[in-house]
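Chemist: Here it is, the structure, as C-alpha cells.
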Amino acid sequence: MPNKNDSLLYCSFCGKSQHEVKKLIAGPSVYICNECVDLCDDIIKEEIAEINSASESTTSDKKLPTPHEIRDNLDDYVIGQDTAKKVLSVAVYNHYKRLKHGAISDGVELSKSNILLIGPTGSGKTLLAETMARLLDVPFAMADATTLTEAGYVGEDVENIIQKLLQKCDYDAEKAQHGIIYIDEIDKITRKSENPSITRDVSGEGVQQALLKLIEGTVASIPPQGGRKHPNQEFIQVDTSKILFICGGAFSGLDSVIEQRVDTGTGIGFGATVRDKDSKATISETFQKVLPQDLIKYGLIPEFIGRLPVVATLTELDEHALVEILTAPKNAITKQYAALFGLENVELEFRENALIAMAQKAMGRKTGARGLRSIVEEVLLDTMYDLPSVKNVSKVVIDENVIAGKAKPLLIYSEEQERLASSDK
C-alpha cells in the first residue's frame, strides 16, 4: 500500500505509480492509469461482442418453418382465406430465408418482398399478420395509416411506426430489425386523383412518399424511449431493410375500377363478348383480378405499389365461415367465453341455431369476423353481470331467441341438473 505522505501518485485500480505508466488520469479522490483504461475498454468490447453474437446466433439458429408448416399454423387460428394463406406463407418464408442467409447469394441481390393484403372489413387481414408474427416469435407492431402525416405536420410521423416496434422488444434494435409491421387502412392514404398533385396532400400522397424509403429499406434514427427528436440526443439506428412490412385495407370501390378494365360485356360489334346481366362477379372474385394499374387508378402512387410486390386478396366471409370462426379455431370466441364462465364453475353452451343467428347478425352489420365478439358480448353482458351474485348456477344455455333479443339466456341450477341427470337414468 503506497504511503500517504509519498508525493508520488498511484493508480487506484492496479496500484502502479505515475512513473510506471504513460498516463495517470485524475478523478475526484481517485486515479486511473492508461493501462487500466485499455483493459476496461477491452472488457467492454468483449461483452458487447458476446451480446451481439448471441443475438445473431439466436436469430440465425432458429429453425425457419417451411411454407407448409406456416400454412398449417395459420389454419389453427384463421378460418378460410386459403389463397391468401398460401401467398403469405411463401412470402414470409422467402423474407426470413433472405435474412438468414444474407441479402446477397452468389452475387445476386435478393430484394425484399413486402406484402399488400386486400379484403373486406373483418376478413382476417390483421389476424393473419399477428398469427404469423407469433408463429415466428418475432416482434410485431401495428399502425393505422389514417393517423400518419408527413414529417413536420400535425399528426403521427411515419418513423413512429418503428418506435412502436422498438417498444415491443425493449428498444433492442437487433430484435426489432427481424420484426413484422402491419399498417392497416392503407387504402385511406390514396391520393385524391390519378394525376400527381401540385399542392401538399400531407395525409394522402404525402404519407405514401414518406413511407417509401421506410418500407424499401433505410436506416431510421429513432429517439430512445420515445419523445421528439432534438439535435443533442443520441438515436437508435434501425435498418428497416430487414423488417417485413404488411399493408392492408378494405379498398372500398376498387372492384368498380377493376370491372371497368375487365368488363367487355358492354362491347358492340361481331367480336364483342355479351355478358348476362345476372353474371356479375362478387367483390371477392373481382378483387382476385387486381393489377397494379387498378391500384394506381384507385390512388396509390406507382412507386408505393412497387414496394409492395406481393399482393394477396381475401374473400368476404359467408355464414358457414363465420360459424366456423365462432367454434373451430384454437382461440375461438365461444371457447374463450366458455373458459371465462368455467372460472365461475359454470358451463356455457351455444346451441347451433344461436351460432347461425350470430353469423347472420354479423353479416347484416357488414362487420365480418370482427363484429362477432361484440355480438357475443352484448348477448352475455347481463348474465356475466349477475352470475357472480347468483348461487348454484351450473349451466348457461344460449339459443337463437337470445340472439334475437326475444328471450334471456337459460340458467340451469345444480339441483335441476342433478334431477335431469337422474331422470335420464
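Note: Cβ is positioned from N, Cα and C throughout, glycine not excepted.
Keep in mind it's a predicted model, so treat the numbers as computed, not measured.
As annotated in Swiss-Prot:
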- 1-52: domain 'ClpX-type ZB' (DOMAIN)
- Cys11, Cys14, Cys33, Cys36: Zn(2+) binding site (BINDING)
- Pro120, Thr121, Gly122, Ser123, Gly124, Lys125, Thr126, Leu127: ATP binding site (BINDING)
Chemist: Count the residues of the domain 'ClpX-type ZB' (1-52) that DSSP assigns to helix (H, G, I), to strand (E, B) and to coil, and report the three numbers in that order.
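Modeler: Going through the domain 'ClpX-type ZB' (1-52) residue by residue, I get 19 helix, 8 strand, 25 coil.
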Chemist: Among Cys14, Cys33, Cys36, these being the binding-site residues, pick the one whose CA is nearest to that of Thr121 (ATP binding site).
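Modeler: For Thr121 (ATP binding site), the spatially nearest of the binding-site residues is Cys36.
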Chemist: For Gly124 (ATP binding site), list the number of other Cβ atoms lying within 10 Å of its Cβ atom.
Modeler: 29
Chemist: What's the CA to CA span in angstrom from Cys36 (Zn(2+) binding site) over to Thr126 (ATP binding site)?
Modeler: 54
Chemist: Applying the rule Cβ within 8 Å of the centroid of the Cβ atoms of Pro120, Thr121, Gly122, Ser123, Gly124, Lys125, Thr126, Leu127, what extra residues of the same chain belong around the ATP site?
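Modeler: For the ATP site the neighbour list reads Gly119, Gly248, Leu314, Gly368, Ala369, Arg370.
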Chemist: Around the Zn(2+) site formed by Cys11, Cys14, Cys33, Cys36, which additional residues qualify by having Cβ within 8 Å of the site's Cβ center?
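Modeler: So the additional residues around the site are Ser12, Phe13, Gly15, Lys16, Val21, Leu24, Tyr31, Ile32, Asn34, Glu35, Val37.
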Chemist: Give me the long-range Cβ neighbours of Cys33 (Zn(2+) binding site): same chain, 6+ apart, Cβ under 8 Å, in sequence order.
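Modeler: Cys33 (Zn(2+) binding site) has long-range Cβ partners Cys11, Phe13, Cys14, Lys16, Val21, Lys22, Lys23, Leu24, Ile25.
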Chemist: Quick check on the binding-site residues: of Cys11, Cys14, Leu127, whose CB has the lowest count of neighbouring CB atoms inside 10 Å?
Modeler: Cys14
Chemist: Quick one: mean pLDDT on the domain 'ClpX-type ZB' (1-52)?
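Modeler: Here the predicted model's pLDDT, averaged over the domain 'ClpX-type ZB' (1-52), is 83.
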Chemist: Which of Pro120, Gly122 (the binding-site residues) has the most other Cβ atoms within 10 Å?
Modeler: Gly122
Chemist: I'd like the Cβ neighbour count for Lys125 (ATP binding site), meaning other Cβ atoms within 10 Å of its Cβ, all protein chains included.
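Modeler: I count 24 other Cβ atoms within 10 Å of it.
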Chemist: In the three-state scheme derived from DSSP, which category covers Thr126 (ATP binding site)?
Modeler: helix
Chemist: Any same-chain residues 6+ apart from Ser123 (ATP binding site) with CB under 8 Å of its CB? Would you list them in sequence order, or say none?
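Modeler: Residues satisfying the criterion: Gln81, Leu314, Thr315, Glu316, Leu317, Gly368, Ala369.
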Chemist: What three-state class does DSSP give Pro120 (ATP binding site)?
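Modeler: Where Pro120 (ATP binding site) sits, the three-state DSSP reduction gives coil.
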Chemist: Taking only same-chain residues 6+ apart in sequence, whose CB is under 8 Å from that of Thr126 (ATP binding site), what do you get?
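Modeler: Same-chain residues close to Thr126 (ATP binding site) (Cβ under 8 Å, separated by 6 or more) are Met142, Tyr182, Asp184, Gly248.
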